[in-house]
Structure formats: C-alpha cells, structure tokens
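J.: First the structure, which I've put down as structure tokens, then a few questions once you've had a look.
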Amino acid sequence: ALEVAIRLFSRLDTQSVFSWAAIIGLHCRMGFNEEALSGFCEMLENGLFPDNFVVPNALKACGALQLIGFAEGVHGYVVKMGLAECFFVGSSLVDMYGKCGQVEDARKVFECMVERNTIAWNSMIVGYVQNGMNEEAMQMFFDMRVEGVEQTLVTLSSFLSASANLGALEEGRQAHALAILCGFELDNILGSSIINFYTKVGLVEDAELVFASMLEKDVVTWNLLICGCVQNGEFQKAFNLCQLMKSENLRFDSVTLTSILSMSADTTNLKLGKEGHCYCIRNKLESDVAVASSTISMYAKCNRISSAVQVFKSTTQRDLILWNSMLAAYADLSLSGEALKLFYAMQLDSVTPNVVSYNSVILTFLRNGQVNEAKDMFSQMQSLDVLPNLITWTTIISGLTQNGFASDAILIFLQMLEAGIEPNIVSIVSALSACTALASLQYGRTIHGYITRHDLCLSVPVVTSLVDMYAKCGCIYEAKKVFDLVVKKDVAVYNAMISGYASHGLAVEALSLFKHMEDVAIQPDNITFTCILSACNHAGLVSEGLEFFSDMVSKHGVKPGLEHYGCIVSMLSRSDNLEKAYELLRTMPYEPDAHILVSLVAYCKERNEIGLGEYLLEQLLKMEPDNAGNYTALSNVYASAGMWDAVTEMRKIMKEKGMHKNPGCSWIQIGQELNVFVAGDVSHPRTEEILATLALLRMEMHFIEYDPRIY
C-alpha cells in the first residue's frame with residue numbers, strides 16, 4: 001500500500017535511517033526506481049547516512065535503470081563509508097554492474113569480497129548470462145561447485161540458460177540432474193528454465209516430459225513450450241498445445257500470438273494466420289509491436305503483401321522494429337522499388353535506419369539482380385557509420401556470387417576478414433563457390449587455410465564446397481584429401497567427390513566410390529545419379545550407364561529427371577547410336593531442353609546427319625530464337641556437309657538480326673598470374689609455345705590413333 005506508507009512516512013516527526021530504508025525499499029520493490037533514488041539523495045541531503053540496508057536498494061534501482069554514473073557514485077559512497085566488506089552490499093554491487101553491462105567491474109568487486117555467499121555467486125553468473133558471456137557463466141558455476149557453495153534455483157536456472165545458449169547438451173542435462181538430486185520443486189521458474197534448455201537444443205520430447213511433470217503452469221511456461229515447438233518445426237504439437245492451453249481457460253498473450261503467427265508464416269497457413277490476426281484485434285493486441293511485426297511477416301510469407309501493408313499502416317506506434325519488419329516483408333517478395341520507398345519514408349518519419357534496415361534493402365536489390373544498387377547501399381551505410389554485421393557481409397557475398405560477380409564476392413569476403421568479422425558457414429560456402437566459378441585456386445586455398453588456422457568446424461556444406469572447389473580447379477587429389485578428412489559423410493559430400501571424378505574423366509574411381517557409398521548404406525539421390533551417369537558418359541561406359549539408369553527406379557526408387565535423360569541421350573549419341581538417342585528423346589516423359597538438343601546437334605555434325613541436325617535445330621530455334629549460338633551450330637552442320645550456300649544464308653540471317661556469337665573463353669591461374677584465352681585471340685605472350693605444344697599433341701594423338709571426343 002504505497003500511498004498509505006508515504007502518507008505515514010511524511011507524518012513522522014523524525015525520519016530515521018530505518019524509516020528511510022523501509023520507504024526506499026518499498027519504492028524499489030514496486031518498480032518505482034527513480035523515486036527510490038530520489039529518496040536516497042534526499043536522505044543524504046537531510047544529513048542521514050544510508051546503511052547496508054538502504055544501499056543495496058539504491059544499487060538495485062540503478063541496475064534497473066542502467067544508470068551507471070549514479071551507480072558509481074553510490075559505489076564511491078560505499079568505499080568511503082566502509083560498507084564494502086558487507087556481503088549484502090558486495091552482492092548488490094556485483095548485480096548492479098552486471099545489469100549495467102560492466103561485467104569486468106562486477107568481477108573486480110566479486111574478487112575483492114572477503115566473504116562470498118550464494119547471492120554473490122548467483123549475481124556473477126546471472127551477470128555473465130545477461131551479457132552473453134555464457135562460457136564464463138559456466139566456468140563460474142564449476143568454480144562455485146568446487147568451492148562447495150550451495151546452489152539455489154537461481155543458480156541452476158542461470159546455468160541452464162547458459163547451456164541453452166551454447167547448445168551444451170551434457171552440461172544442461174547435468175544441471176537438470178542436480179535439480180532433482182537437490183530436491184528442488186519443479187516450480188514455474190525452474191520448470192521454465194529446463195523447458196527452455198531442452199527446446200533450444202532440439203529435444204522437444206524431453207521438454208514435453210518436464211512440462212507434464214509440473215503441477216502448476218503459468219502462461220510463460222505454456223509459451224516457452226509452444227515457442228520451442230515452433231522453432232523446432234513441430235508445428236502440429238504447437239497447434240495442439242495452443243488448443244490445450246485454451247481448454248485450460250488460459251488467455252493467449254502477445255507472446256502466444258507471436259508464436260502462432262510465426263507458425264502460420266513458416267507453414268504458409270493463411271487461414272490460421274488470419275484467425276490469429278482476428279484474435280489480436282478482438283483482444284486489443286494488434287497495437288503490440290511484436291504482434292504487429294509477426295502479422296506483417298505472416299502475410300508476406302503467405303504472399304499477401306497488401307494485407308501486410310494494411311497492418312503496417314494501421315499501427316499507430318511505429319518503432320524501428322516495425323519499419324524493419326515491413327522492409328523484411330518486401331525483401332521476402334523481392335519488391336526492391338517498394339523497399340527503397342519505405343527506406344526513405346522511415347527517415348522522413350524521423351526513424352533512423354539501423355544495420356537491419358540496410359540488410360533488408362541490400363537483400364532485396366540482390367534478389368532482383370540489382371548488384372550496383374546493392375553495392376551503393378553497402379557503401380552508403382559505411383559512410384554513415386552504420387557498421388555492417390555478419391548478416392550484412394554474408395548477404396552481400398552470397399548475393400554477388402549468385403549474380404555472377406564472383407571476383408567482387410571474393411574481395412568483399414577478404415574485406416570482412418580484415419574488418420575482424422568471423423565468417424559463418426553461409427559466407428564461407430558462398431566465397432568458395434565464387435572461387436569455384438573463377439577457378440581461382442589461390443583464393444580457394446587461402447579460404448581453406450583460414451578455416452584450418454581458426455579451427456572452424458568442417459561442416460558438411462563447407463566440406464562439400466571445398467571438395468567441389470578443388471575438383472573444379474583441377475586439383476582432384478586435394479579434393480580427395482579433404483573428402484577423407486570427414487568421418488561422417490552424407491550424400492552431399494559423396495556427390496561432390498563423384499562429380500569431381502566425373503569431370504576429371506576418372507570414371508573407375510567414380511564408380512568405385514558409388515559402390516562404397518552403397519556399402520556404407522548411404523542412399524544416393526538424383527544428384528548422385530547425375531554425377532555417376534556423367535562419369536559413364538565421359539568414359540564411354542554405355543552398358544554401365546544404362547544399368548545405373550535402370551537401377552535408379554528399380555533398386556533405389558529415384559525418379560529419373562530431365563538431366564538424367566540428357567546424360568543417356570548424350571551417351572548413346574557418343575557411341576554412334578544416334579537413332580536410339582533420338583528415340584529416347586521422343587519417348588522420354590519430358591520436353592527436351594536446349595542443352596540436350598545442342599549436344600545432339602553436335603553429334604549430328606560429327607556423323608554428317610544433316611536431316612536430323614536440321615530438324616533438331618529448327619526445334620532449338622523455336623525454343624531460343626534470339627540465341628546466336630543456335631544459328632552458328634546450324635551453320636557448322638551445313639559447313640561439315642559442304643553446303644556453303646546454306647552457310648552463307650545462315651550468316652546473312654544472323655547479320656540481319658544483328659546477332660553475333662560471343663567467343664568462347666577460358667582461363668587458368670598459374671601462381672599469381674591469371675591467363676585468359678579467348679577463341680581466335682593470339683594476344684597471349686606465349687601464344688607460339690602454346691600452338692606448338694598443341695600441334696605436337698595432335699601429332700601424338702594421330703600417331704596412337706586416339707579418337708578425340710567432344711565433352
């Protein structure tokens with residue numbers, strides 16, 4: 001009864017230290033922290049000296065308000081008045097510094113304490129967890145156990161939070177075991193901490209068992225389990241829990257609704273999302289920023305951007321989070337124009353964009369192939385002292401790689417390392433993909449060296465990218481070394497290695513690895529068969545290739561796709577079975593794409609099958625009427641048959657249409673030098689040596705009667 005207490009306090013003839021302690025403590029407990037600190041100051045002005053009962057309350061108020069300057073003043077008072085040796089005051093100082101983000105100062109106070117009770121240890125552990133220093137929190141817990149200090153519910157709850165944040169499964173389970181051994185009651189605080197831990201490490205069933213064991217469950221507990229189910233993709237369980245929660249006559253709050261809307265977004269369940277939105281409106285929750293943000297995201301994921309805009313416009317209190325949610329919605333749907341308009345509109349509304357805002361706009365540009373605009377935005381944010389975070393760097397690197405700007409992607413990756421940002425799996429894989437696209441062995445090795453030096457986890461995506469990079473840069477044995485480093489290999493790693501063998505013409509090794517893959521019970525997928533059929537195609541292993549094609553469905557239950565039929569068509573054509581190849585082309589359950597037709601035309605040219613070549617090219621010209629390469633291919637077919645009038649006609653058509661075929665280009669990096677070769681170009685400084693070597697190779701091939709094949 002605050003008002004009564006204040007009235008009685010004001011009537012006192014003499015306001016003693018004891019009465020001040022009572023009134024300041026009351027303000028603090030009820031969350032009136034500024035009033036508590038005002039009372040502390042007034043007490044000093046009246047010539048009374050706060051004691052070891054008043055000071056902890058003042059420090060608690062400072063921590064709640066994060067008033068570090070005021071708090072340091074109180075700390076100075078503590079030292080001058082000789083109160084530092086009191087463990088109540090010491091614990092409060094540790095707690096205050098932790099809440100103000102000054103963890104090092106908290107540790108200094110803790111180390112100077114003569115007597116450290118459980119509260120002091122707890123304050124230190126909580127401080128570490130609150131400031132994201134989870135490993136330090138766990139070490140502090142271990143030290144506490146060694147010192148024989150008794151653990152409380154707060155200790156174990158904080159340790160469980162640290163374990164959850166680090167994904168430390170064994171440590172978290174030990175904390176759960178300690179709670180049982182110590183006989184702690186599974187109340188809302190402890191139960192919620194254990195549920196939070198199990199859901200964050202992906203053990204939803206264990207979290208459900210703990211939830212079922214709790215006698216009393218509040219809304220927070222229900223929300224934790226529902227949210228955990230959503231985050232782990234257990235959407236049906238989350239939905240069932242919501243229904244069960246409703247049957248228990250518990251009202252959904254903003255946290256519950258946020259989980260429901262997130263579930264609707266992840267499953268693109270517009271009906272459920274609309275029901276959640278309607279519930280928000282009926283229960284006056286639509287103005288809650290978290291709920292509004294989740295609603296916008298839900299509508300965007302369900303491809304209802306107009307509804308997302310409506311929610312955004314109807315929300316009166318638009319903070320930075322809400323603006324960013326709307327920008328993210330535009331990014332999801334690649335609406336770069338709308339995203340840019342909103343980006344400038346938020347600034348006109350006096351809302352300063354942060355790094356999240358810039359990330360969304362950059363992503364939208366990159367998804368639309370607007371690379372220059374994305375680069376400009378990246379430069380702009382840095383010029384305005386908005387520091388790019390890991391997401392920014394990763395977005396720009398992967399976006400540049402996907403849009404064919406591999407050189408720029410590598411340079412940006414190197415800039416990220418120079419800026420002291422540790423790359424994540426996505427940025428490493430994107431940078432390695434850029435190296436692969438450029439056949440840049442030097443940079444690929446640099447990135448591999450960085451991974452090794454920094455003991456970064458050789459995850460499946462990273463290993464797959466390394467194997468692919470080395471193979472495509474011509475270093476198949478280095479690819480094999482990386483492949484052999486991984487103990488637990490999945491199908492993606494095997495696919496990369498088999499593909500590498502196939503591209504190097506090492507069909508025997510590719511087939512052997514496929515057999516080994518079957519022996520260790522790893523199920524091949526459609527990519528595996530594309531790689532193995534490609535290996536058979538390159539090596540001319542027609543019977544083996546046809547056998548693999550047959551086994552796809554009968555033995556492995558993999559439905560052949562267009563790319564598999566393409567390999568078989570190419571394989572049959574190469575082995576002088578053009579009729580069978582064409583028959584398969586006609587009867588396969590897919591319309592042939594340009595790639596298959598072009599490969600077949602090439603073999604028609606070799607075998608002087610003019611009629612079939614003309615027919616296929618007619619189909620190709622219908623499919624790609626503006627592709628100059630198709631006209632050139634038809635011209636080459638006519639030329640091989642000595643039909644020079646037809647060749648002249650083709651060139652005339654190309655000239656009339658303003659077409660010209662881009663010359664073929666290849667490159668190889670030797671040491672620090674990149675050697676580029678363009679068809680018909682003789683500008684390379686060592687052209688004479690190269691041509692002489694090629695002439696010798698041709699003579700040697702002719703001498704051994706080697707039949708060169710087109711790959």
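Positions of Cβ are set from backbone N, Cα and C atoms, glycine also.
Quick paste of what TrEMBL says about this protein:
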| type | residues | note |
| --- | --- | --- |
| REPEAT | 16-50 | repeat 'PPR' |
| REPEAT | 117-151 | repeat 'PPR' |
| REPEAT | 218-252 | repeat 'PPR' |
| REPEAT | 319-353 | repeat 'PPR' |
| REPEAT | 354-388 | repeat 'PPR' |
| REPEAT | 389-423 | repeat 'PPR' |
| REPEAT | 490-524 | repeat 'PPR' |
| REPEAT | 525-560 | repeat 'PPR' |
J.: How many of the residues that make up the repeat 'PPR' (319-353) does DSSP mark as helix, as strand and as coil?
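T.: Looking at the repeat 'PPR' (319-353) with DSSP, the answer is 26 helix, 0 strand, 9 coil.
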J.: Six or more residues beyond either end and a Cβ under 8 Å away: which residues meet both conditions relative to the repeat 'PPR' (490-524)?
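T.: Contacts with the repeat 'PPR' (490-524): 460-461, 463-465, 467-468, 470-472, 476, 479-480, 483, 531-532, 534-536, 538-539, 541, 544, 556, 558.
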J.: How about long-range neighbours of the repeat 'PPR' (218-252): same chain, 6 or more residues beyond its ends, C-beta under 8 Å?
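T.: Tertiary neighbours of the repeat 'PPR' (218-252) are 188, 191-192, 195-196, 198-200, 202, 204, 207-208, 211, 258-260, 262-263, 266-267, 272, 279, 283.
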J.: I'd like the per-state residue tally for the repeat 'PPR' (354-388) from DSSP, helix first, then strand, then coil.
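T.: The repeat 'PPR' (354-388) comes out at 26 helix, 0 strand, 9 coil.
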J.: State the residues, same chain only, that lie 6 or more residues beyond the ends of the repeat 'PPR' (319-353) and have a CB under 8 A from a CB inside it; answer 'none' if no residue qualifies.
T.: 289-290, 292-293, 296-297, 299-301, 303, 305, 308-309, 312, 360-361, 363-365, 367-368, 370, 373, 386
